[in-house]
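Engineer: Once you've had a glance at the structure underneath, I'll fire off some questions.
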């Protein structure tokens, strides 16, 4: 390794180190006014680079070892889907995202990961050649910008994830593959274990899940993957980047089926103490790449870093402004708040929602459509009122 060069992702994982990912940029930046809910596309990397750069820095201070490029849904077919007009090409967005991630990664001991995700083209039954061409177009930018490794994330169908891995693996760089599935498997019923085995055989060095489900559900799912990979006599490293929301009522489609998605999820947000429990469960399950997805803010990653501080050998920079287990409350002016400056208080806390008539759980929409269904065929033109009307009627009939 050249003097001053950073150790790569596989070197760190092979050494048994804990690698912390970052959080869910589209949700975090939507709340800050830089991303539009619906398309969820990342033109902010080119349009508002200062916002993306600052969020990267906050996750770096919180303990993240990976700056993942803000390239979620940055394929041209998604940027142009259903009348979305971003004003930037996919190449411009991807290049800007790589530059921002690299700039901040160089401010610490962090790596840059270039990421691709599922495509409207796959849902619209385009060919393997067409879908792979979309991945390659993004991949070419990542190679030009020399990212440290590649991630195929947020895939609901293992077939499309395999195609992504095969394209990314052709670069010779390490490849991670992360599906947005739970214990029931992908949207065509392929089990988590079978998904993982197929992804490893396709060339993935790291496999796991991200998004769609809460931390404990995701840890359980990755444990199923790990068991299947080992049973098949294969080797891989494991990653988990879940939601920051409680989702005990989700079906196989995950949180996008919940009626609260995406604008009323706040009552489900995990506390920092929930995050510490998640970090410990993930570590005990043998997962060493631990991060977050939608709903994660930097303080959530800081909580993960604090829980695993002994194993990692250090605390993150952001912990200078946070006493472990609420110890900073010892300085509070009110005595009843000072009485909360202890671990057992926060571990036993059962937060109230403050909403007397709200149920503890919801009924997922459960429309049951996926790739191959006519309702999922995508289009460049904006969705029309005539197309929306039957959707509204169907939703009202179910409620």
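Every residue gets a Cβ built from N, Cα and C, even glycine.
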Engineer: Looking at the ranges 360-379, 380-399, which is given as region 'Disordered' in TrEMBL?
Structural biologist: 380-399
Engineer: Quickly jot the same-chain residues contacting the compositional bias 'Basic and acidic residues' (382-399) by Cβ under 8 Å, restricted to those at least six beyond its ends, or write none.
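Structural biologist: The answer is 82-83, 259, 365, 367.
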Engineer: Please identify, from the binding-site residues 211, 293, the residue with the sparsest Cβ neighbourhood, meaning fewest other Cβ atoms within 10 angstroms.
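Structural biologist: Result for the binding-site residues 211, 293: minimum number of other Cβ atoms within 10 Å at 211.
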Engineer: What is the three-state DSSP composition of the region 'Disordered' (380-399), stated as helix, strand and coil residue counts?
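Structural biologist: Tallying H, G and I as helix, E and B as strand, the rest coil: 14 helix, 0 strand, 6 coil.
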Engineer: With Cβ-Cβ distance below 8 Å and at least 6 positions apart along the chain, what are the contacts of residue 294 (Zn(2+) binding site)? List them in sequence order.
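Structural biologist: Residues satisfying the criterion: 24, 26, 27, 211, 243, 244, 245, 255.
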